[in-house]
């Protein structure tokens with residue numbers, strides 16, 4: 001049996017379908033209208049295509065520095081403590097009371113300068129007495145000698161007079177030396193590192209008076225692994241630096257090399273001398289001794305802070321036509337602040353030194369003045385992002 005729908009129902013259904021189709025087209029047209037509104041305020045900005053395609057990538061603010069030429073060295077660096085090779089404790093050679101202290105701890109003195117005076121009154125009396133006895137014996141010897149020449153005294157008397165004169169001469173010299181010992185003098189140019197003597201105290205040969213050091217004969221002893229035995233030679237140039245004296249580098253040289261390798265540690269001792277003409281470097285200072293094994297006077301150099309590390313490799317970002325170009329670094333010698341560029345770059349190439357962290361190869365960049373505030377990703381250079389707090393973090397003591 002065949003059923004037919006009423007004609008009015010079929011017409012109504014066709015009308016409803018047409019209305020739905022028209023509504024769908026209007027909705028689609030509304031979605032596609034973004035092309036016209038893209039240039040209007042809030043319409044996605046210039047270049048925003050259909051469905052947001054074609055959006056312009058924001059340029060990243062960076063700072064650059066050119067690759068330069070200069071000297072760089074390969075070094076072996078070791079931590080050490082400065083020592084002086086001229087350090088003595090001073091003791092008196094006579095007994096007596098300390099009459100005067102002429103120096104204090106920290107005083108620089110020249111060789112032979114007086115440091116301390118022991119009461120010398122008795123010693124001076126002894127020296128004067130010895131001198132008088134010598135003069136008397138000299139006169140007696142002169143008389144005996146004249147008589148001996150005339151044959152009026154025998155050989156034995158003459159020899160006795162000569163022997164006595166020699167004894168008197170030695171006694172006078174001994175008394176003079178003891179008198180000189182009453183004044184304690186500096187054995188060499190140096191500085192008083194300790195004063196143990198007290199004014200008025202009675203001292204003897206076992207009483208320590210001063211500790212005295214030379215600041216001109218400073219060394220740093222380091223222990224070098226045996227594999228570098230052929231790389232280190234006597235008189236090789238070296239440099240010495242210290243965190244306690246930032247910004248200063250002191251010249252040095254390999255002064256001595258031990259001929260023995262310690263079987264326990266596998267190292268050999270190297271003594272690095274320090275040139276300290278200003279005498280402002282002190283014993284006990286923690287230092288880093290850098291033995292120069294090779295020098296390159298005209299190498300391509302780049303600041304070490306420009307290097308990006310990724311997967312065990314090193315990279316530099318340079319700027320070409322307003323875009324960041326990532327290139328692998330063939331690094332040579334390094335210092336704490338500089339890296340040698342062995343190949344792949346030329347002098348003057350602009351290298352990104354600030355803003356390269358997280359930068360993508362080919363990303364557009366904008367080079368800013370080095371004196372401008374530091375660039376920040378995702379915001380204006382020098383500004384704190386809105387979601388970040390500008391207040392300092394509390395310290396551990398708060």
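Placed from the backbone N, Cα and C atoms, the Cβ positions cover glycine too.
TrEMBL does not curate its annotations; it predicts them automatically.
Per TrEMBL, the range carrying the annotation region 'Disordered' out of 16-35, 36-55 is 36-55. Across the range of the domain 'YknX-like C-terminal permuted SH3-like' (300-367), the DSSP-based residue counts are 3 helix, 38 strand, 27 coil.
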